[in-house]
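Q: Structure in C-alpha coordinates, see below.
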Amino acid sequence: TLVKLKPGNTSPVNISVVITNPKLWGPPPTQYPNLYMASTRLTINGQTVDAYETQFGIRSLKFDPDRGLFVNGERFWIQGVNEHQDLGASGAAFNYRAAERKLEILRELGVNGIRCAHNIPATEFLQLADKMGFLEYQKTPNDYHLLFKEWAEADTQAMLRHDCNHPSVIAFSIGNEVSEQTTGASGAATAARLCYIVREEDDLAGRPCTASKNAARPEMSFTSSLDMINLNYQGEGIRDTPAYEGLQGITTKPSYTDFHCVFPDKLVLSSETSASLSMRGTYFFPLTREVSAPVLDHKPDGGGNTTLRAISDYSLYTTPFGASSDKVFAKQDEAFPYVAGEFMWNGFDYLGEPTPYYSARSSYFGIVDLAGFKKDRFWFYQSRWRLDIKTAPILPHWSWGSNREASAADEAQLFVNGKDQGRKRKQTGEHWFRYDDVVYSLEELQVLTWKGGKEWANNTVATVGDEYGLMLGVDRENIAGDGLDLAFVTAKVVDVNNSVVPTAENNIIFSVEGTEAEIVATDNGDSYSFVPFRSKECGAFSGLVLAIIRTTKSTKGPVTVRAESLGLHGAKVEVIIM
(Lines of atoms letter the chains of each structure in order from A and count residues from 1; the text may use other names and numbers.)
(Lines give C-alpha, C1' and ligand atoms only; values in the text may rest on other atoms or scores of the structure.)
Protein backbone atom coordinates (compact mmCIF):
# COMPACT_ATOMS: atom_id res chain seq x y z
CA THR A 1 0.00 0.00 0.00
CA LEU A 2 1.41 3.36 -1.08
CA VAL A 3 0.91 6.29 1.29
CA LYS A 4 1.88 9.87 0.45
CA LEU A 5 2.45 12.19 3.38
CA LYS A 6 3.72 15.70 3.83
CA PRO A 7 6.38 16.22 6.50
CA GLY A 8 4.89 16.19 10.01
CA ASN A 9 1.55 14.74 8.91
CA THR A 10 -0.05 11.41 9.90
CA SER A 11 -2.52 9.15 8.15
CA PRO A 12 -4.29 5.90 9.09
CA VAL A 13 -3.71 2.92 6.81
CA ASN A 14 -6.16 0.03 6.48
CA ILE A 15 -4.84 -3.19 4.94
CA SER A 16 -6.82 -6.44 4.83
CA VAL A 17 -5.57 -9.95 4.21
CA VAL A 18 -7.63 -13.11 3.67
CA ILE A 19 -6.31 -16.30 5.30
CA THR A 20 -7.79 -19.37 3.65
CA ASN A 21 -8.49 -22.44 5.79
CA PRO A 22 -6.97 -20.92 8.92
CA LYS A 23 -5.86 -23.01 11.86
CA LEU A 24 -8.08 -21.86 14.67
CA TRP A 25 -7.08 -20.74 18.12
CA GLY A 26 -8.95 -22.61 20.84
CA PRO A 27 -8.57 -23.78 24.43
CA PRO A 28 -7.22 -27.28 25.21
CA PRO A 29 -7.84 -30.11 25.60
CA THR A 30 -10.40 -30.35 22.78
CA GLN A 31 -8.86 -27.51 20.75
CA TYR A 32 -5.39 -26.11 20.13
CA PRO A 33 -4.18 -22.50 20.55
CA ASN A 34 -2.83 -21.93 17.04
CA LEU A 35 -1.23 -18.50 16.58
CA TYR A 36 -0.22 -16.37 13.61
CA MET A 37 2.25 -13.50 13.32
CA ALA A 38 1.49 -10.37 11.28
CA SER A 39 4.61 -8.47 10.23
CA THR A 40 4.13 -4.79 9.38
CA ARG A 41 6.97 -2.93 7.65
CA LEU A 42 7.36 0.69 6.72
CA THR A 43 9.62 1.29 3.74
CA ILE A 44 10.81 4.46 2.03
CA ASN A 45 12.27 4.10 -1.44
CA GLY A 46 12.66 0.37 -0.88
CA GLN A 47 14.47 0.69 2.45
CA THR A 48 12.78 -0.63 5.66
CA VAL A 49 12.73 2.15 8.25
CA ASP A 50 10.41 0.54 10.80
CA ALA A 51 8.84 -2.84 11.50
CA TYR A 52 6.35 -4.27 13.98
CA GLU A 53 5.17 -7.82 14.60
CA THR A 54 1.72 -8.61 15.99
CA GLN A 55 0.81 -12.07 17.27
CA PHE A 56 -2.84 -12.99 16.83
CA GLY A 57 -5.21 -15.92 16.65
CA ILE A 58 -8.35 -16.69 14.68
CA ARG A 59 -11.38 -17.99 16.56
CA SER A 60 -15.11 -17.45 16.88
CA LEU A 61 -17.07 -16.72 20.06
CA LYS A 62 -20.79 -17.08 20.58
CA PHE A 63 -22.44 -15.95 23.82
CA ASP A 64 -25.73 -17.82 23.68
CA PRO A 65 -28.24 -16.64 26.35
CA ASP A 66 -29.87 -20.07 26.44
CA ARG A 67 -26.94 -22.47 25.99
CA GLY A 68 -23.84 -20.64 27.27
CA LEU A 69 -20.47 -19.94 25.64
CA PHE A 70 -19.35 -21.45 22.33
CA VAL A 71 -15.74 -21.31 21.09
CA ASN A 72 -15.36 -22.22 17.42
CA GLY A 73 -18.81 -23.82 17.55
CA GLU A 74 -18.04 -25.99 20.60
CA ARG A 75 -19.97 -25.43 23.82
CA PHE A 76 -17.45 -24.51 26.47
CA TRP A 77 -17.87 -24.54 30.26
CA ILE A 78 -15.52 -22.03 31.87
CA GLN A 79 -13.49 -23.63 34.66
CA GLY A 80 -11.88 -20.40 35.72
CA VAL A 81 -10.09 -18.75 38.60
CA ASN A 82 -9.52 -15.16 39.62
CA GLU A 83 -5.88 -14.11 39.80
CA HIS A 84 -4.22 -11.11 41.41
CA GLN A 85 -1.24 -9.66 39.54
CA ASP A 86 1.45 -10.47 42.13
CA LEU A 87 3.69 -13.51 41.79
CA GLY A 88 4.08 -14.39 45.46
CA ALA A 89 7.65 -14.17 46.76
CA SER A 90 8.76 -12.90 43.33
CA GLY A 91 6.79 -9.70 43.95
CA ALA A 92 4.48 -7.66 41.75
CA ALA A 93 6.96 -6.87 38.96
CA PHE A 94 6.26 -9.20 36.06
CA ASN A 95 8.54 -12.19 35.51
CA TYR A 96 7.80 -14.47 32.57
CA ARG A 97 8.86 -17.75 34.21
CA ALA A 98 7.07 -17.03 37.48
CA ALA A 99 3.85 -16.32 35.59
CA GLU A 100 4.35 -19.36 33.35
CA ARG A 101 4.80 -21.61 36.40
CA LYS A 102 1.59 -20.25 37.88
CA LEU A 103 -0.32 -21.01 34.67
CA GLU A 104 1.24 -24.49 34.43
CA ILE A 105 0.00 -25.33 37.93
CA LEU A 106 -3.46 -23.98 37.10
CA ARG A 107 -3.53 -26.00 33.86
CA GLU A 108 -2.72 -29.13 35.88
CA LEU A 109 -5.70 -28.26 38.07
CA GLY A 110 -7.99 -28.12 35.02
CA VAL A 111 -8.33 -24.35 34.74
CA ASN A 112 -9.19 -23.02 31.29
CA GLY A 113 -10.02 -19.40 32.12
CA ILE A 114 -8.40 -16.53 34.01
CA ARG A 115 -10.18 -13.44 35.31
CA CYS A 116 -7.65 -10.64 35.83
CA ALA A 117 -8.69 -9.36 39.25
CA HIS A 118 -8.56 -6.52 39.30
CA ASN A 119 -5.65 -4.88 37.49
CA ILE A 120 -4.93 -4.73 33.78
CA PRO A 121 -2.44 -7.58 33.16
CA ALA A 122 1.02 -7.29 31.68
CA THR A 123 1.15 -7.81 27.93
CA GLU A 124 3.48 -10.76 28.51
CA PHE A 125 0.83 -12.42 30.68
CA LEU A 126 -1.68 -12.18 27.84
CA GLN A 127 0.94 -13.58 25.47
CA LEU A 128 1.30 -16.58 27.78
CA ALA A 129 -2.48 -16.99 27.87
CA ASP A 130 -2.55 -16.86 24.06
CA LYS A 131 0.21 -19.46 23.84
CA MET A 132 -1.25 -21.85 26.43
CA GLY A 133 -4.89 -21.49 25.39
CA PHE A 134 -6.48 -19.83 28.42
CA LEU A 135 -9.60 -17.70 28.11
CA GLU A 136 -8.95 -14.25 29.56
CA TYR A 137 -11.51 -12.01 31.15
CA GLN A 138 -10.13 -8.48 30.97
CA LYS A 139 -10.98 -5.67 33.40
CA THR A 140 -10.96 -2.02 32.37
CA PRO A 141 -10.06 0.81 34.80
CA ASN A 142 -12.93 1.93 37.02
CA ASP A 143 -11.29 2.00 40.47
CA TYR A 144 -9.93 5.53 40.55
CA HIS A 145 -12.90 7.73 41.31
CA LEU A 146 -10.91 10.96 41.75
CA LEU A 147 -9.63 10.72 38.17
CA PHE A 148 -12.55 8.84 36.66
CA LYS A 149 -14.44 11.68 35.03
CA GLU A 150 -11.38 13.03 33.25
CA TRP A 151 -9.49 9.84 32.39
CA ALA A 152 -12.00 6.98 32.09
CA GLU A 153 -12.50 7.29 28.34
CA ALA A 154 -8.82 7.73 27.44
CA ASP A 155 -7.65 4.92 29.70
CA THR A 156 -10.33 2.52 28.49
CA GLN A 157 -9.47 3.27 24.86
CA ALA A 158 -5.76 2.79 25.53
CA MET A 159 -6.26 -0.62 27.10
CA LEU A 160 -8.63 -1.84 24.42
CA ARG A 161 -6.28 -0.79 21.64
CA HIS A 162 -3.29 -2.26 23.40
CA ASP A 163 -4.81 -5.72 24.00
CA CYS A 164 -7.26 -6.05 21.12
CA ASN A 165 -5.33 -8.71 19.18
CA HIS A 166 -5.08 -11.30 21.95
CA PRO A 167 -7.37 -14.23 21.10
CA SER A 168 -7.38 -15.26 24.77
CA VAL A 169 -9.31 -12.09 25.70
CA ILE A 170 -13.00 -12.95 25.35
CA ALA A 171 -14.73 -10.16 27.33
CA PHE A 172 -14.13 -6.77 28.92
CA SER A 173 -15.36 -5.79 32.37
CA ILE A 174 -15.86 -2.13 33.25
CA GLY A 175 -16.02 -2.67 37.01
CA ASN A 176 -16.15 -5.04 39.93
CA GLU A 177 -18.68 -4.65 42.75
CA VAL A 178 -18.87 -0.92 42.07
CA SER A 179 -21.34 1.21 44.01
CA GLU A 180 -23.06 2.23 40.75
CA GLN A 181 -24.69 -1.21 40.57
CA THR A 182 -27.31 -0.09 43.12
CA THR A 183 -27.67 3.63 42.27
CA GLY A 184 -30.42 3.27 39.70
CA ALA A 185 -30.45 5.38 36.54
CA SER A 186 -27.20 7.22 37.27
CA GLY A 187 -25.27 3.97 37.69
CA ALA A 188 -26.84 2.53 34.56
CA ALA A 189 -25.83 5.65 32.65
CA THR A 190 -22.20 5.33 33.74
CA ALA A 191 -22.18 1.68 32.69
CA ALA A 192 -23.75 2.57 29.34
CA ARG A 193 -21.11 5.23 28.72
CA LEU A 194 -18.23 2.85 29.36
CA CYS A 195 -19.79 0.02 27.37
CA TYR A 196 -20.27 2.41 24.45
CA ILE A 197 -16.49 2.98 24.46
CA VAL A 198 -15.83 -0.77 24.58
CA ARG A 199 -18.20 -1.49 21.70
CA GLU A 200 -16.86 1.39 19.61
CA GLU A 201 -13.23 0.31 20.05
CA ASP A 202 -13.87 -3.44 19.79
CA ASP A 203 -16.52 -3.33 17.08
CA LEU A 204 -14.81 -5.86 14.77
CA ALA A 205 -14.19 -8.48 17.47
CA GLY A 206 -17.51 -7.80 19.17
CA ARG A 207 -16.45 -8.96 22.63
CA PRO A 208 -19.10 -8.30 25.27
CA CYS A 209 -18.94 -5.50 27.82
CA THR A 210 -19.93 -6.42 31.35
CA ALA A 211 -19.47 -5.66 35.05
CA SER A 212 -19.52 -7.92 38.09
CA LYS A 213 -22.30 -7.51 40.65
CA ASN A 214 -22.55 -8.69 44.23
CA ALA A 215 -25.50 -6.56 45.41
CA ALA A 216 -27.59 -5.57 42.40
CA ARG A 217 -30.98 -7.23 42.11
CA PRO A 218 -32.44 -8.34 38.78
CA GLU A 219 -35.00 -5.52 38.80
CA MET A 220 -32.29 -2.82 39.13
CA SER A 221 -31.43 -0.97 35.92
CA PHE A 222 -27.63 -1.38 36.04
CA THR A 223 -27.70 -4.78 34.29
CA SER A 224 -29.68 -3.41 31.35
CA SER A 225 -26.60 -1.45 30.19
CA LEU A 226 -24.42 -4.56 29.99
CA ASP A 227 -24.05 -7.26 27.32
CA MET A 228 -23.91 -10.17 29.77
CA ILE A 229 -24.68 -10.88 33.42
CA ASN A 230 -21.76 -11.38 35.79
CA LEU A 231 -22.62 -12.51 39.31
CA ASN A 232 -20.29 -12.49 42.30
CA TYR A 233 -21.45 -15.14 44.80
CA GLN A 234 -25.12 -14.51 43.99
CA GLY A 235 -25.41 -17.62 41.83
CA GLU A 236 -24.92 -19.96 44.79
CA GLY A 237 -26.52 -17.58 47.31
CA ILE A 238 -25.06 -15.30 49.99
CA ARG A 239 -25.65 -15.94 53.73
CA ASP A 240 -28.75 -17.97 52.85
CA THR A 241 -28.12 -21.12 54.93
CA PRO A 242 -28.42 -21.67 58.72
CA ALA A 243 -24.65 -21.61 59.33
CA TYR A 244 -24.56 -17.95 58.21
CA GLU A 245 -27.59 -16.69 60.12
CA GLY A 246 -26.97 -13.55 62.16
CA LEU A 247 -23.91 -12.42 60.19
CA GLN A 248 -23.77 -8.81 59.02
CA GLY A 249 -24.29 -8.09 55.35
CA ILE A 250 -26.74 -8.76 52.57
CA THR A 251 -28.58 -12.06 52.25
CA THR A 252 -29.27 -13.31 48.76
CA LYS A 253 -30.94 -16.51 47.63
CA PRO A 254 -29.40 -18.38 44.65
CA SER A 255 -30.04 -15.98 41.76
CA TYR A 256 -29.23 -17.66 38.44
CA THR A 257 -32.89 -18.18 37.57
CA ASP A 258 -34.05 -14.73 38.70
CA PHE A 259 -31.53 -12.87 36.52
CA HIS A 260 -32.18 -15.13 33.55
CA CYS A 261 -35.94 -14.58 33.79
CA VAL A 262 -35.57 -10.78 33.81
CA PHE A 263 -32.87 -10.74 31.10
CA PRO A 264 -33.51 -13.82 28.91
CA ASP A 265 -31.38 -12.33 26.11
CA LYS A 266 -28.19 -12.15 28.21
CA LEU A 267 -25.72 -14.95 29.02
CA VAL A 268 -25.05 -15.53 32.74
CA LEU A 269 -21.57 -16.10 34.17
CA SER A 270 -20.33 -16.44 37.75
CA SER A 271 -17.39 -14.03 37.80
CA GLU A 272 -16.58 -14.83 41.45
CA THR A 273 -17.60 -17.97 43.32
CA SER A 274 -16.80 -19.64 46.62
CA ALA A 275 -14.35 -17.43 48.58
CA SER A 276 -13.36 -20.45 50.67
CA LEU A 277 -10.54 -20.03 53.19
CA SER A 278 -7.83 -22.52 54.13
CA MET A 279 -4.16 -23.07 54.93
CA ARG A 280 -2.24 -25.97 53.45
CA GLY A 281 -1.87 -28.95 55.75
CA THR A 282 -3.65 -27.31 58.71
CA TYR A 283 -6.52 -29.12 60.43
CA PHE A 284 -8.65 -28.25 63.45
CA PHE A 285 -11.15 -30.47 65.21
CA PRO A 286 -14.02 -30.97 65.66
CA LEU A 287 -15.09 -30.48 62.07
CA THR A 288 -18.31 -28.67 61.15
CA ARG A 289 -21.17 -30.90 60.06
CA GLU A 290 -22.34 -28.19 57.65
CA VAL A 291 -21.68 -28.34 53.91
CA SER A 292 -20.51 -24.71 54.11
CA ALA A 293 -19.75 -22.57 57.16
CA PRO A 294 -18.09 -19.24 57.96
CA VAL A 295 -14.84 -19.16 59.92
CA LEU A 296 -15.92 -18.47 63.52
CA ASP A 297 -13.15 -18.69 66.11
CA HIS A 298 -15.51 -18.71 69.07
CA LYS A 299 -17.12 -21.99 67.96
CA PRO A 300 -15.34 -25.32 68.61
CA ASP A 301 -16.06 -26.38 65.03
CA GLY A 302 -15.50 -22.89 63.56
CA GLY A 303 -12.43 -23.85 61.54
CA GLY A 304 -10.11 -21.01 62.65
CA ASN A 305 -7.50 -20.21 65.28
CA THR A 306 -6.96 -16.54 66.14
CA THR A 307 -3.68 -17.18 67.97
CA LEU A 308 -2.08 -18.99 65.03
CA ARG A 309 -3.93 -16.91 62.41
CA ALA A 310 -4.70 -20.26 60.80
CA ILE A 311 -7.68 -21.86 59.06
CA SER A 312 -8.44 -25.54 58.54
CA ASP A 313 -7.65 -27.05 55.15
CA TYR A 314 -10.88 -29.03 54.99
CA SER A 315 -12.32 -26.62 52.40
CA LEU A 316 -15.62 -26.25 54.26
CA TYR A 317 -14.94 -22.80 55.72
CA THR A 318 -15.50 -19.46 54.02
CA THR A 319 -15.74 -15.71 54.39
CA PRO A 320 -19.08 -14.42 55.75
CA PHE A 321 -20.27 -13.79 52.16
CA GLY A 322 -18.77 -16.94 50.66
CA ALA A 323 -19.76 -20.54 50.01
CA SER A 324 -17.75 -23.73 50.09
CA SER A 325 -16.95 -25.41 46.81
CA ASP A 326 -19.41 -28.16 47.85
CA LYS A 327 -22.25 -25.62 47.93
CA VAL A 328 -21.14 -23.99 44.67
CA PHE A 329 -20.97 -27.31 42.83
CA ALA A 330 -24.32 -28.46 44.24
CA LYS A 331 -25.99 -25.39 42.74
CA GLN A 332 -24.18 -25.87 39.42
CA ASP A 333 -25.27 -29.52 39.36
CA GLU A 334 -28.88 -28.37 39.13
CA ALA A 335 -28.01 -27.69 35.49
CA PHE A 336 -28.53 -24.17 34.26
CA PRO A 337 -27.71 -24.40 30.53
CA TYR A 338 -27.63 -20.60 30.20
CA VAL A 339 -24.79 -20.31 32.73
CA ALA A 340 -21.38 -20.27 31.01
CA GLY A 341 -19.27 -21.33 33.98
CA GLU A 342 -17.38 -19.81 36.87
CA PHE A 343 -14.27 -17.99 38.00
CA MET A 344 -13.69 -19.14 41.56
CA TRP A 345 -12.01 -16.87 44.08
CA ASN A 346 -9.04 -17.46 44.07
CA GLY A 347 -6.53 -19.62 42.16
CA PHE A 348 -3.40 -18.65 44.13
CA ASP A 349 -3.06 -16.95 47.49
CA TYR A 350 -1.91 -13.37 47.04
CA LEU A 351 -0.24 -10.58 49.00
CA GLY A 352 -2.68 -8.64 51.19
CA GLU A 353 -6.39 -9.09 51.94
CA PRO A 354 -5.83 -11.74 54.64
CA THR A 355 -9.49 -12.23 55.53
CA PRO A 356 -10.36 -12.88 58.39
CA TYR A 357 -7.00 -12.29 60.13
CA TYR A 358 -5.95 -8.83 59.03
CA SER A 359 -2.65 -8.92 60.93
CA ALA A 360 -1.46 -11.69 58.60
CA ARG A 361 0.62 -11.16 55.46
CA SER A 362 -1.28 -12.78 52.63
CA SER A 363 -4.66 -14.18 51.71
CA TYR A 364 -6.19 -17.56 52.59
CA PHE A 365 -8.39 -17.76 49.48
CA GLY A 366 -6.18 -19.76 47.12
CA ILE A 367 -6.51 -23.31 45.89
CA VAL A 368 -2.72 -23.01 45.77
CA ASP A 369 -0.73 -21.20 48.46
CA LEU A 370 1.60 -18.23 47.96
CA ALA A 371 4.63 -20.48 47.38
CA GLY A 372 2.83 -22.48 44.69
CA PHE A 373 2.16 -25.52 46.90
CA LYS A 374 -1.20 -27.24 46.50
CA LYS A 375 -3.82 -27.13 49.23
CA ASP A 376 -6.37 -29.94 49.64
CA ARG A 377 -8.89 -28.00 47.56
CA PHE A 378 -6.62 -28.54 44.56
CA TRP A 379 -7.51 -32.24 44.45
CA PHE A 380 -11.18 -31.49 44.96
CA TYR A 381 -11.37 -29.14 41.97
CA GLN A 382 -9.14 -31.40 39.88
CA SER A 383 -11.44 -34.36 40.50
CA ARG A 384 -14.28 -32.29 39.00
CA TRP A 385 -12.41 -30.44 36.26
CA ARG A 386 -10.02 -33.18 35.09
CA LEU A 387 -12.03 -36.35 34.50
CA ASP A 388 -9.10 -37.64 32.46
CA ILE A 389 -7.22 -38.12 35.74
CA LYS A 390 -8.38 -40.86 38.10
CA THR A 391 -7.68 -39.71 41.65
CA ALA A 392 -8.66 -40.62 45.19
CA PRO A 393 -6.75 -38.20 47.46
CA ILE A 394 -7.26 -38.57 51.21
CA LEU A 395 -7.20 -35.81 53.81
CA PRO A 396 -5.92 -35.08 56.31
CA HIS A 397 -2.46 -36.65 56.53
CA TRP A 398 -2.78 -39.83 58.61
CA SER A 399 -1.78 -38.44 61.96
CA TRP A 400 -5.24 -37.83 63.39
CA GLY A 401 -8.79 -37.08 62.62
CA SER A 402 -11.93 -37.14 60.59
CA ASN A 403 -11.32 -38.15 57.00
CA ARG A 404 -12.58 -36.88 53.67
CA GLU A 405 -11.73 -38.33 50.29
CA ALA A 406 -12.12 -36.25 47.10
CA SER A 407 -12.79 -38.13 43.88
CA ALA A 408 -14.93 -38.17 40.76
CA ALA A 409 -15.89 -41.70 41.79
CA ASP A 410 -19.42 -42.41 43.02
CA GLU A 411 -18.54 -45.13 45.57
CA ALA A 412 -15.73 -45.51 48.11
CA GLN A 413 -14.63 -48.00 50.73
CA LEU A 414 -12.23 -47.06 53.54
CA PHE A 415 -9.86 -49.32 55.48
CA VAL A 416 -7.84 -48.52 58.61
CA ASN A 417 -4.95 -50.95 59.05
CA GLY A 418 -6.95 -53.39 56.91
CA LYS A 419 -10.16 -53.01 58.92
CA ASP A 420 -13.19 -52.13 56.80
CA GLN A 421 -14.80 -48.78 57.74
CA GLY A 422 -17.70 -49.20 55.32
CA ARG A 423 -18.57 -48.61 51.70
CA LYS A 424 -20.31 -45.34 50.83
CA ARG A 425 -22.15 -44.03 47.78
CA LYS A 426 -22.37 -40.31 46.98
CA GLN A 427 -25.81 -38.82 47.36
CA THR A 428 -27.21 -35.94 45.32
CA GLY A 429 -25.27 -32.76 46.13
CA GLU A 430 -22.34 -34.63 47.70
CA HIS A 431 -18.83 -34.27 46.31
CA TRP A 432 -16.72 -35.94 49.01
CA PHE A 433 -16.78 -39.25 50.78
CA ARG A 434 -16.78 -38.33 54.45
CA TYR A 435 -15.98 -40.68 57.33
CA ASP A 436 -16.57 -38.88 60.63
CA ASP A 437 -16.47 -41.84 63.00
CA VAL A 438 -13.05 -43.25 62.18
CA VAL A 439 -10.93 -43.81 65.31
CA TYR A 440 -7.34 -42.77 64.74
CA SER A 441 -4.62 -45.38 65.04
CA LEU A 442 -1.08 -45.56 63.72
CA GLU A 443 0.06 -47.12 60.47
CA GLU A 444 -2.15 -47.16 57.35
CA LEU A 445 -5.27 -45.75 55.76
CA GLN A 446 -6.49 -47.12 52.42
CA VAL A 447 -9.37 -46.16 50.12
CA LEU A 448 -10.83 -48.02 47.13
CA THR A 449 -13.21 -46.24 44.76
CA TRP A 450 -15.60 -47.13 41.93
CA LYS A 451 -17.35 -45.14 39.22
CA GLY A 452 -20.29 -46.59 37.34
CA GLY A 453 -19.63 -49.93 39.00
CA LYS A 454 -16.04 -50.09 37.69
CA GLU A 455 -12.88 -49.62 39.73
CA TRP A 456 -11.81 -45.97 39.56
CA ALA A 457 -8.78 -45.14 41.74
CA ASN A 458 -7.16 -46.37 44.93
CA ASN A 459 -4.92 -44.61 47.43
CA THR A 460 -3.00 -45.30 50.62
CA VAL A 461 -1.55 -42.94 53.24
CA ALA A 462 0.53 -44.00 56.22
CA THR A 463 1.69 -42.51 59.48
CA VAL A 464 5.12 -40.96 58.98
CA GLY A 465 8.12 -41.04 61.28
CA ASP A 466 10.15 -38.24 62.84
CA GLU A 467 12.11 -35.67 60.85
CA TYR A 468 15.25 -37.31 59.44
CA GLY A 469 16.49 -35.25 56.48
CA LEU A 470 15.77 -32.99 53.55
CA MET A 471 14.91 -33.73 49.91
CA LEU A 472 15.24 -31.18 47.10
CA GLY A 473 13.41 -31.06 43.80
CA VAL A 474 13.42 -28.43 41.04
CA ASP A 475 10.70 -27.52 38.56
CA ARG A 476 13.18 -27.47 35.65
CA GLU A 477 16.71 -28.83 35.46
CA ASN A 478 17.75 -26.34 32.75
CA ILE A 479 17.29 -22.57 32.84
CA ALA A 480 18.45 -19.76 30.57
CA GLY A 481 21.52 -17.77 31.55
CA ASP A 482 19.88 -14.44 30.83
CA GLY A 483 19.62 -13.04 34.34
CA LEU A 484 15.81 -13.31 34.20
CA ASP A 485 14.95 -17.00 34.12
CA LEU A 486 14.07 -18.71 37.40
CA ALA A 487 14.33 -22.16 38.92
CA PHE A 488 11.87 -23.05 41.70
CA VAL A 489 13.45 -25.43 44.21
CA THR A 490 11.21 -27.26 46.70
CA ALA A 491 12.67 -28.51 49.97
CA LYS A 492 10.82 -31.30 51.77
CA VAL A 493 11.37 -32.38 55.36
CA VAL A 494 11.20 -36.20 55.25
CA ASP A 495 11.41 -39.18 57.58
CA VAL A 496 13.82 -42.09 57.18
CA ASN A 497 11.59 -43.52 54.41
CA ASN A 498 11.62 -40.22 52.43
CA SER A 499 7.97 -39.51 53.27
CA VAL A 500 7.15 -35.84 53.88
CA VAL A 501 6.61 -35.03 57.56
CA PRO A 502 3.39 -32.99 57.27
CA THR A 503 3.78 -31.22 60.63
CA ALA A 504 7.47 -30.27 60.21
CA GLU A 505 8.52 -26.67 60.94
CA ASN A 506 12.32 -27.05 60.79
CA ASN A 507 14.33 -23.98 59.79
CA ILE A 508 16.06 -24.52 56.43
CA ILE A 509 19.09 -22.61 55.13
CA PHE A 510 19.67 -22.45 51.36
CA SER A 511 22.94 -21.74 49.56
CA VAL A 512 24.23 -21.73 45.98
CA GLU A 513 27.71 -22.82 44.95
CA GLY A 514 29.30 -20.40 42.51
CA THR A 515 28.54 -16.85 41.39
CA GLU A 516 26.49 -17.74 38.33
CA ALA A 517 23.21 -17.80 40.26
CA GLU A 518 21.62 -16.38 43.39
CA ILE A 519 18.73 -17.07 45.75
CA VAL A 520 16.26 -14.27 45.14
CA ALA A 521 13.47 -15.40 47.47
CA THR A 522 12.24 -18.09 49.84
CA ASP A 523 8.70 -18.80 51.06
CA ASN A 524 6.72 -21.53 52.77
CA GLY A 525 3.12 -20.57 51.96
CA ASP A 526 2.23 -19.63 55.56
CA SER A 527 -0.09 -16.62 55.39
CA TYR A 528 1.05 -15.49 58.85
CA SER A 529 4.80 -15.71 58.17
CA PHE A 530 6.69 -12.42 58.09
CA VAL A 531 10.11 -13.85 57.27
CA PRO A 532 11.42 -11.53 54.51
CA PHE A 533 11.20 -13.10 51.08
CA ARG A 534 14.85 -12.15 50.46
CA SER A 535 16.02 -14.25 53.39
CA LYS A 536 18.00 -17.39 52.61
CA GLU A 537 16.52 -19.01 55.73
CA CYS A 538 12.91 -20.06 56.04
CA GLY A 539 11.05 -22.39 58.37
CA ALA A 540 9.13 -25.28 56.86
CA PHE A 541 5.35 -24.99 56.83
CA SER A 542 3.54 -28.33 56.72
CA GLY A 543 6.85 -29.85 55.72
CA LEU A 544 7.68 -27.69 52.68
CA VAL A 545 9.81 -24.63 51.76
CA LEU A 546 10.40 -22.95 48.39
CA ALA A 547 13.61 -21.29 47.18
CA ILE A 548 13.68 -19.27 43.94
CA ILE A 549 16.98 -19.27 42.03
CA ARG A 550 17.96 -16.77 39.33
CA THR A 551 21.06 -16.50 37.14
CA THR A 552 23.20 -13.46 37.82
CA LYS A 553 24.97 -13.11 34.49
CA SER A 554 25.21 -14.61 31.02
CA THR A 555 27.01 -17.86 31.60
CA LYS A 556 26.67 -21.60 31.13
CA GLY A 557 27.22 -24.65 33.27
CA PRO A 558 25.95 -26.41 36.40
CA VAL A 559 24.94 -24.70 39.64
CA THR A 560 24.46 -26.63 42.88
CA VAL A 561 21.73 -25.59 45.33
CA ARG A 562 22.10 -26.88 48.89
CA ALA A 563 19.70 -27.02 51.82
CA GLU A 564 20.71 -27.56 55.44
CA SER A 565 18.78 -27.83 58.70
CA LEU A 566 20.10 -28.33 62.23
CA GLY A 567 19.96 -31.99 63.21
CA LEU A 568 18.81 -33.21 59.77
CA HIS A 569 20.60 -34.73 56.80
CA GLY A 570 21.11 -32.02 54.16
CA ALA A 571 20.34 -32.22 50.44
CA LYS A 572 21.48 -30.75 47.14
CA VAL A 573 20.16 -30.44 43.60
CA GLU A 574 21.87 -29.37 40.37
CA VAL A 575 20.53 -26.77 37.94
CA ILE A 576 22.07 -26.41 34.48
CA ILE A 577 22.40 -22.89 33.08
CA MET A 578 22.07 -23.05 29.31
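Quick reminder: no glycine exception, Cβ is built from N, Cα and C everywhere.
TrEMBL does not curate its annotations; it predicts them automatically.
According to TrEMBL, the record shows the following:
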type	residues	note
DOMAIN	13-59	domain 'Glycoside hydrolase family 2 immunoglobulin-like beta-sandwich'
DOMAIN	67-221	domain 'Glycoside hydrolase family 2 catalytic'
DOMAIN	407-457	domain 'DUF4982'
DOMAIN	471-574	domain 'Glycoside hydrolase family 2'
Q: For the domain 'Glycoside hydrolase family 2' (471-574), what does DSSP give as the number of helix, strand and coil residues?
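A: Going through the domain 'Glycoside hydrolase family 2' (471-574) residue by residue, I get 0 helix, 55 strand, 49 coil.
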Q: Determine how many residues of the domain 'Glycoside hydrolase family 2 immunoglobulin-like beta-sandwich' (13-59) DSSP places in helix, in strand and in coil.
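A: Tallying H, G and I as helix, E and B as strand, the rest coil: 0 helix, 21 strand, 26 coil.
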Q: Tally of helix, strand and coil residues over the domain 'DUF4982' (407-457) according to DSSP?
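A: In the domain 'DUF4982' (407-457), the DSSP-based counts are 0 helix, 29 strand, 22 coil.
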Q: In the predicted model, what is the mean pLDDT computed over the domain 'Glycoside hydrolase family 2 catalytic' (67-221)?
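A: Taking every residue in the domain 'Glycoside hydrolase family 2 catalytic' (67-221) and averaging pLDDT yields 92.
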